[in-house]
Amino acid sequence: MVERARRLGRWFLALDSLLVILGFFVVMPMISLRFVDQLGWAAGVVGLALGLRQLTQQGLGILGGSLADKFGARPLIVGGMLLRAAGFASLAYAQSGLELILSCVISGLGGCLFDPPRAALVIKFTRPRQRGRYISLLMMLESAGAVVGALLGSWLLNFDFEYVCLLGAGLFVCAALCNLLILPAYKLSVRPTPIRAGLGQVLADKAFCRLVLILSGYYALWVQVMLIFPILVKQMAGTTTAVGWMYTLETAISLALLYPLARYGERHFKLESRLMAGVLLMTTGIGLVAFANTLPAVFMLLACFYLGIVIAEPARETLMTKLAQPGARGSYMGFSRLGLALGGMTGYVGGGALHDYAMLQGQPWLPWLVLGTVGVTTLLLLVNCFHREPSLARVNI
């Protein structure tokens, strides 16, 4: 692929990511506020719906990646985005737990189709040495989109949840049209790969599979910014606008620190060291919320948590792209989402159930201490994994 095509591809992916992240954050943080805070549903039910979306999207990601290896990126991306739009639109009319779950699963099915090929296009459009920096820039752009989306969603929620869902759906329709009209019919792998062969190649890579499964603990922490963090902030502040402040804080940290920290980390630290340092900060931030009694204290700990994500996520994504084999890129990037599937499902369902139990027992600190324990366990498993599998460290060379 000539350099001009790579450069244009990177620009297109950046703009596409902005539309996708706007559509996602307009809707997703508002679901727990709408159904738990406004309608009084059990957080466990809402957590189950969100967890099933996560499990569907990421758990079937390897299938979406394998299909993309065989048929190319564009049909999977366009179809997946339209399916996500349908799921978001149907959320507006969900009147029962079953309807909420169905809407979330439809949304997740869309994501399992478009997410792996988009991740594989990052590999196609970047050279190895520039990949980490490009991923960091994408994350900065996505952070800005997240805060704009969350602010729009929280503002529209004051009027009608239907407006929230239809705006999110409309943004995904726009993204689908852009991909249909602009994105060339790229193949993702160096050669067309049969679905079974791609899956087999990934599953034979035991070190990669082990790392992906361990990272489910990282994601169990990460998804709380969609579930119990918004509930806590809304309860302490007394206004849904405060949820937008959460994402403003995340964006400020990302824009100020993500790229310089990624560049500094590339020069001075290995990928696994950066990943583990980020998990440590996330664990500290989420665990100490158990002892925070004021909104400023919660936001200070959120800042620590977000800083951990800023350090860990570029390293994690770069590590996954470097471990992906050229003959099955889509399959590798699809399987890499399995940790998010398992961790997201566990985090959503467990976080929601813990929140309900803690409120009933008058123990609001309980979910945060349990999540802190999950973070410590994940960190110890990562240390052991990188020690046992030196092949995972050699990708830094």
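Each Cβ is built from the backbone N, Cα and C atoms, and glycine gets one as well.
Some features that Swiss-Prot has for this protein:
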type	residues	note
TRANSMEM	11-31	transmembrane segment
TRANSMEM	32-52	transmembrane segment
TRANSMEM	71-91	transmembrane segment
TRANSMEM	94-114	transmembrane segment
TRANSMEM	137-157	transmembrane segment
TRANSMEM	163-183	transmembrane segment
TRANSMEM	211-231	transmembrane segment
TRANSMEM	242-262	transmembrane segment
TRANSMEM	291-311	transmembrane segment
TRANSMEM	340-360	transmembrane segment
TRANSMEM	366-386	transmembrane segment
Completion exercise
Under 8 Å Cβ-Cβ from the transmembrane segment (211-231), and at least six residues away from its ends along the same chain, one finds 28-29, 31-33, 36-37, 43, 46-47, 50, 54, 243, 246, 250, 279, 282-283, 286, 302, 305, 309, 312, 316, 319, 323, 335-336, 338-344, 346-348, 350-352, 354-355, 367, 371, 374-375, 377-378, 381-382, 385, 389, 392
Practice task
Please indicate, using numbers and ranges, the residues of the same chain that are 6 or more beyond the transmembrane segment (94-114) and have a C-beta under 8 Å from a C-beta there.
Solution key: 35, 41, 45-46, 48-50, 52-61, 63-64, 67, 76-88, 172, 334
Handout entry: the transmembrane segment (137-157) touching the transmembrane segment (340-360) per 3+ Cβ pairs under 8 Å rule
Key = no
Problem - Selected stretch (most C-beta pairs under 8 A with the transmembrane segment (11-31)) from 137-157, 163-183, 291-311, 366-386 - result: 137-157
Problem - Contact set, same chain, for the transmembrane segment (242-262): CB under 8 Å, 6 or more residues outside the stretch - result: 25, 29-30, 33, 132-133, 135-137, 139-140, 143-144, 146-147, 149-151, 154-155, 225, 229-230, 233-234, 236, 295, 299, 302-303, 306-307, 309-311, 314
Problem - Outside the transmembrane segment (163-183), six or more residues from its ends: residues with CB under 8 Å to it - result: 12, 15-16, 19-20, 22-24, 26-27, 30, 34, 73-74, 77-78, 81-82, 84-86, 88-92, 110, 152-153, 156-157
